[in-house]
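**Student:** Pasting the feature list from Swiss-Prot:
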type	residues	note
BINDING	Arg28, Glu86, Arg126, Lys444	(6S)-5-formyl-5,6,7,8-tetrahydrofolate binding site
BINDING	Asn234, Ser253, Ile255, Thr258	K(+) binding site
BINDING	234-239, 253-259, 278-281	GTP binding site
BINDING	Ser238, Thr259	Mg(2+) binding site
DOMAIN	224-368	domain 'TrmE-type G'
Amino acid sequence: MTDALPVREETIFAPASGFGRAAVAVVRVSGPAAGPALDQLAGGRPEPRRLSLRRLRDPGTGNILDQALVAWLPGPATATGEDMAELHLHGGLAVRAAVLRALGRVPGCRPAEAGAFSRRAFLNGRIDLTEAEGIADLIDAETEAQRVQALRQLDGALGRQVAAWRETGIELLAGAEAALDFADEGDVDEDGLDAALAGRAAALRDAIRAALADGRRGERLREGFCVVLAGAPNAGKSTLLNALSGRDAAIVSDIPGTTRDAIEVRCDLGGLPVVLVDTAGLRETADVIEAEGVRRTHHRIRSADLVLHLVPADGEAGPEDFAEVPVLRVRTKSDLPSGAPGEGGLAVSAVTGAGLDALLDAIQGSAASALGGGDALVTRERHREALSRAAGHLDRVATAPAGFPPELVAEDLRLAVRALGEVGGHVGVEEMLDRLFAGFCIGK
């Protein structure tokens, strides 16, 4: 049994297109054996970066597998930074399976795991970690605003800004360490150096804090604007959820307490991701299971971006307090004879559709105000946490009192630079790489 090759010496291959039947199937190969794989299957390597029509043959039997377009992409100017090859096959399942089996028999080649190509691009410096996250977000994007935000990340919007901040931090650190080295020189104006260092640290801190002061728009856009439907039992929450989402997502019944657990439905409202959440009716109950549902309802309300407080048109609002989050009062069942609209809120009928367009417009307006148009720099909690730490260290430098030990100033600057490096994946991120790339598609 031979020893396993180091990761950088292995060659990986995988379909880069969907797994179903299609007109064309694309197979990618990356690594030092990509060229030899073409030699064995395609009879040689075509001119670099030009598609060439070739007969693909099984290297073991010589049998023809397919007539395909092949491309030879020598590194390092490739997506992964390595030698690469692409095989554009006919999209039949049997054709693709036969070619993948043949590639598996090429020495040094093995099937790729999820995210393996993007991981190699990151490890070889073709993309930074924020751009890799942009790829993941683009794959997961369900709405136009999510697509726009993901493309900004993939284009390096955050990565370039953080790299510039990190470069400034490195310059400050170099100045602080130089001041330490020449501290014994009598002609050094230590007070002037300290003031200049504090001023530049404050400016860098303020720039980072400005990016953080965005109301968490980036994270909320990735996760979806959360709208919780809350109210007493039989207020029409499940019926309204089904009407707003256009499908029977929740069970509707006249029996109070039918909904016990939260039901989520993801929607696209004007290109914005919205998550509608049906919840258990709010009331005092001796039923242990229903009481747990009510407890979970209160938890969802506290974490919501918007609460739709549903009250039947002929009912009372009740004593519920939703002061912690934005609330929109909705008068339901306006089609009933007794449904004279009460004061305040939007009157809707999930049965006739009356008022639903106005309600959707109101939800979309709230989502647009909260999420923006995909222009946020910070899109993940990981970014926010690292940038907050960097700003904290810079704040200590900027506000250090006279006589503060210069060694501690330098250490704070060093920690700020390290925190900024974590955002782009330059330091301290090994433990989260597996989680990130495991969420990618095979062949990405």
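From the backbone N, Cα and C atoms, a Cβ is placed for every residue, glycine too.
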**Student:** Just the number: how many Å between the Cα atoms of Glu86 ((6S)-5-formyl-5,6,7,8-tetrahydrofolate binding site) and Lys237 (GTP binding site)?
**Tutor:** 52
**Student:** Specify the nearest of the binding-site residues Arg28, Arg126, Ala280 to Ser238 (Mg(2+) binding site), where nearness means the distance between Cα atoms.
**Tutor:** Ala280
**Student:** Rounded to the nearest angstrom, how far is the Cα of Ala280 (GTP binding site) from the Cα of Arg126 ((6S)-5-formyl-5,6,7,8-tetrahydrofolate binding site)?
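**Tutor:** A Cα-Cα distance of 49 Å.
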**Student:** Let me know how many other Cβ atoms fall within 10 Å of the Cβ of Glu86 ((6S)-5-formyl-5,6,7,8-tetrahydrofolate binding site).
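**Tutor:** Excluding its own Cβ, the number within 10 Å is 19.
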**Student:** Report the member of Arg28, Arg126, Lys237 (the binding-site residues) whose C-beta atom has the most other C-beta atoms within 10 angstroms.
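**Tutor:** When each Cβ's neighbours within 10 Å are tallied, Lys237 tops the list.
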**Student:** Tally of helix, strand and coil residues over the domain 'TrmE-type G' (224-368) according to DSSP?
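**Tutor:** Secondary-structure breakdown of the domain 'TrmE-type G' (224-368): 37 helix, 36 strand, 72 coil.
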**Student:** For Asn234 (K(+) binding site), list the number of other Cβ atoms lying within 10 Å of its Cβ atom.
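**Tutor:** I get 20 for this one.
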